[in-house]
Amino acid sequence: MIWEVTKLRISMILSAIAILVLGFALIYGILGYFFGFSNAPLLITGALAFVTIFTILQWLFGPALIKSIYHLTEVDPTDPQYGWVYNLVQEVAMYNRMNTPKVYIANVPFPNAFAFESPIYGKNMAITLPLLRMLTPEEVKAVIGHEIGHLRHKDTELLLAVGLIPTLLYWIGYGLWWGGLLGGGGGGRNDNSGILFLIGIALIAFSFLFNLFVLFLNRMREAYADVNSAITVPNGAKNLQTALAKIVLSTDPDIIERYKKKYGQIGSMLLFSGFQINEDIPAYKVQELVEYWRNIKVSPFADIFSDHPHPAKRIQLLEKLTHTQ
């Protein structure tokens, strides 16, 4: 287990560094070539300041938008109906040696759980009503352990920082595209408006490529949150496996057969998702799907466009961790 956790942590750190270094190197090279390498740092600083301001505003006030979209209602320990949910979050927070975040119930018609934070709104966790009805309390604790992991690991801040790179590439590319479209200007290399136009398009394309790198980092972040649940919550690995299976089965009760007929076809790679849900799921189907995920070989590219790992990859990682509990 120690090696699995260490390998995942090192991979996340190296991936984040690689995205930042390669991104800034590409931006510096392009701007330096067209506007002079002495001017490139100033241009990068200006563009970075512009993008960072909007990113910080999103970070600071994003929780207010989340609360509105998900119709969140805060829960406290004395709540006669959902006080037990607060107690579960408090218990898992204690396992993780952190203060209990604010707990919310989300009145939306699909199973989901998520954590979010900002300096203004603090640490928060929300669980939707269908998820609470679908899972056992032990499975809910495992899900909470996953979400607490996101808070512990400062995942919001990590993604905002790394996400600056594709955003910078896009807006600089967009600016060069317009510069080329309007005829360049400024003398020297900048007279070649056609090159500016093409480089702008190339940078926009690179921004989408770097978004794939960010998705790769995000999948590791999700796996690391799974690990957090497995190592901090009693029986967290086993319970998170069955929770994931229940949530997937709730979107399509016959999904096992669909897996067998056409590999990899699943409506969503999100851990907690679905809209047409079935909350009454037979235990044998849960175990059958978990067993299926444990034994299939997943293509490295099965989740390349997803921000979550393929469910089978998650189950197989959690299965390794069950032997340590």
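Even glycines carry a Cβ here, placed using N, Cα and C.
Annotated active site per Swiss-Prot: GLU147, in sequence order. Annotated Zn(2+) binding site per Swiss-Prot: HIS146, HIS150, GLU222, in sequence order. Residues annotated as transmembrane segment in Swiss-Prot, with sequence analysis given as evidence: 17-37, 42-62, 158-178, 195-215.
Taking the Cβ of HIS150 (Zn(2+) binding site) as centre and 10 Å as the limit, one finds 23 other Cβ atoms among all the protein chains shown. Between the CA atoms of GLU147 (active site) and GLU222 (Zn(2+) binding site) there is a gap of 9 Å.
Around the Cβ of GLU147 (active site), 25 further Cβ atoms fall within 10 Å across all displayed protein chains. In the shown protein chains, 29 other C-beta atoms lie within 10 A of the C-beta of HIS146 (Zn(2+) binding site). In the three-state DSSP classification, HIS146 (Zn(2+) binding site) falls within a helix. Note on GLU222 (Zn(2+) binding site): other Cβ atoms within 10 Å of its Cβ, all shown chains, come to 23.
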